[in-house]
Each structure stands twice: as structure tokens, then as C-alpha cells.
Amino acid sequence: MTKNPKILSIVLAGGEGTRLMPLTRDRAKPAVPFGGVYRLIDFPLSNLVNSGYRQVVVLTQYKSHSLDRHISQVWRFSPLLGSYVSPVPAQQRLGKHWYLGSADAIYQTINIIEDVQPDIVVIVGADHVYRMDFEQMVQQHIESGAEFTVAGIRQPIEESNQFGVIEVDPDHPNMIKNFQEKPPTTTGLPDNPNQILASMGNYVANTKALFEALALDEKAADTKHDMGGDIAPYFASRNEAGVYDFNSNEIPGSTATDHAYWRDVGTIKQFYDAHMDLIAYVPEFNLYNQDWPIYTMSGNLPPAKFVHAGRDRLGHATDSIVSPGVIVSGGEVHHSVLSPNVRIHSWAQIVDSVLFDGVVINRRARVYKAILDKNVVLTENSTVGIDTEHDLARGFTVTPDGITVVPKNTIVDD
């Protein structure tokens, strides 16, 4: 391995996102808006760029139009400097089928890797919210001598069936002894039986070894063609898999509160909870860390505006994120996230909610513990999140935790 290896980054952005329905009804999961002005894809791309990795391929598949458009508009680099972020849709180069899994997605685009000829491939998912310096992970990968390294983070043992579970070699703490993808039961860590070391879905691989593993997987009969389910266990079985402890990752400008923050936002509850993490007085995830910025399209929007200051008609927002272009006109917003161009009219009330772009809340309408997709309109006196049975009767999604989701372009008229 050379001292300054050539790096190619691959972002796996082809997931269908069925658990986030109806937010993924018309868009790919990585294109789902997050945090007011961002999309989920902005987080892994920002991490890669901030790490100094600017040759990036984004593998897309389902409903990718808005994702492709966002990447082409926001993530533009000068090719003169050899930098690029390129969306690559499913090519069907090896057969008339979609990607069969994350490993198959990489195998089907192996020609792109061959053209670049990197020494190392960095592979990341597109549906997590976090900050990470991948350079630190790559350096450990090189020093350990591993062919394949998995980023790991501690998670509650009761969630083991949602993650790849890493068992570390006690004699070599940077190496993986065993890797199981989403086991129904498992044992906890030696120092904390209530926790597991879970895979974050981020990998670093030596290119030659990765090619060999993908080729074997493509021919295997009993495989799901999955990076976590098949490729990681393959390297672990050969004693060639390393583990990188995410807790050791140091980010400029991070605080004790948001150090090693990582959230899977693959379900409505996880997506909602991650938004609530943003708006605390001391947020669990700090969007305002300019030493490691999260990039997105800035747009030509005017500042947010709050109007009406009467005793019974006060336009205001508390404990909330309010994006550019928002007008709060005599309404009340509390503990919520408002995306650009939202309108809150007089005597309306928004509490514990997430509103996407262009939502309009008319007079005396009320929204509680809800996610409203783009361009939803609530007419005067209408409600969302107040009466669960009424929400279900209108065809809205209501989670077991009481989060109501209203699909894009819906007019709510009680």
C-alpha cells in the first residue's frame, strides 16, 4: 500500500425506503428532506468531502429523479481538479435486472472502479445522520493490514436484529472475529452485556480484495448479494476484516454532547426522533458546527419573517428551527422544524412537528406530533395529530408512537 493511496468513494443510494413511506412514495430515501434545508444524501457526501475525498460515485436506483437533480445542482466540482460527485443509475450491465443487493450494486458498476484504478474503496450508506472523518478510518485500515474494515458503533442489545453485529477478536482488538447480519439473538459486549458493537454500514476495502470477494459472491448460490450479510462475513471468516470504533473519530468543532452522534433514520420514528435531536437547547446533533459543515443548496430565498405582535395574535416560534423563506404570520410554532417557504397563518398552532417545503397552515389550524410532506395545505380550523382515529380515516399514516404523516400535496379539509 502506498503512503498516499488513491481513494474512490461509493455511496449506496439505491434503497427503496419502504419503512419511510409515505415520505418515499415519490422519491428515493436519500432524497428525503431533513433538518429544514438538507436532504439525507447531503450528510454522507459532506463527510466524504470534508475528509478530503472528492472522487465520489453515487449508486442510485428507485425513484431517483429528485436525487439525481439534487446531486447535479448542489454537488458540482471542477473536473479540472479531478473532483466529482457522479450519480450512476442501475445500468443492467450484467443482466436484465435491478441491483440484487448492495454488493451486487457495486459489482455491476465495477467498470467504473476499474477506470479509476483506486488503491482503496470507501463505501458508505446514504440514509444516516452523522459526522465522520473517513480519513481516520482509512489510516487505521492501512495500519492494521486488514483487507476490509467495518465502522462500528455501540447500540442497545435489543436492537441487534436491526444491525450487523460485530464480535471483536479479544487478542487483536482492531480485527473482527465474527460478523452476523441482523441476528435474532446475540450476546452483549464483555464490558457491557446490554450493548452490541453494530455495523454502521460504512466500509473501507482494498480494491483487489474487494473485486475477488464480489466476484465470488456473484457466483454463489446462497447469497443475498449484500455488503453486510455476505461480504463482511466473508472477510471475517478469512481473518481479514478489521473494525473501526466510531467513538474514536474526532471531528473539529464537536462537543461532548454531539461527539460520535449517529442515527439510522430508516423508519418514521427514527426520522422524527432525529429531528427532535436538532432542536434542543444543547442539541444532540449540532447543525451549526462550521468547522465540519453539512453542505446543501443555499438557494435565493429571503430570510424568515415573523409578523403580528398583538396580545392574542403573536407570530412566534420557540425551541424550533425555522428555514429561509418561512413566514409565521400571527401563528404559534413550538419545538418544531420548518422547511423553506412554509406559511403559518394567524392563530394556527404547530407543536412537536416537522413541516417540509411549501406547507401552508391556515388560520386556527392545529398540528401536533406530525410530519407534513411538501406542499401540504391545512384549511382553516383543520387538524392533524389531534385525533388518531380521524387521521387514520383520512388515510394518513399513524405510527404506534403516535406520529402522524401526511403525504405530499395533500389538502387537509375538516
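Any Cβ shown, glycine's included, is placed from N, Cα and C.
Swiss-Prot annotations:
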- Tyr99, Gly164, Glu181, Lys182, Ser199: alpha-D-glucose 1-phosphate binding site (BINDING)
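Positions of Swiss-Prot features highlighted on the structure.
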{"residue": "Tyr99", "record": "alpha-D-glucose 1-phosphate binding site", "Cβ neighbours (10 Å)": "23"}
{"residue": "Gly164", "record": "alpha-D-glucose 1-phosphate binding site", "Cβ neighbours (10 Å)": "24"}
{"residue": "Glu181", "record": "alpha-D-glucose 1-phosphate binding site", "Cβ neighbours (10 Å)": "17"}
{"residue": "Lys182", "record": "alpha-D-glucose 1-phosphate binding site", "Cβ neighbours (10 Å)": "16"}
{"residue": "Ser199", "record": "alpha-D-glucose 1-phosphate binding site", "Cβ neighbours (10 Å)": "26"}
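Residues listed for alpha-D-glucose 1-phosphate, Tyr99, Gly164, Glu181, Lys182, Ser199, cover a largest CA to CA span of 22 Å.
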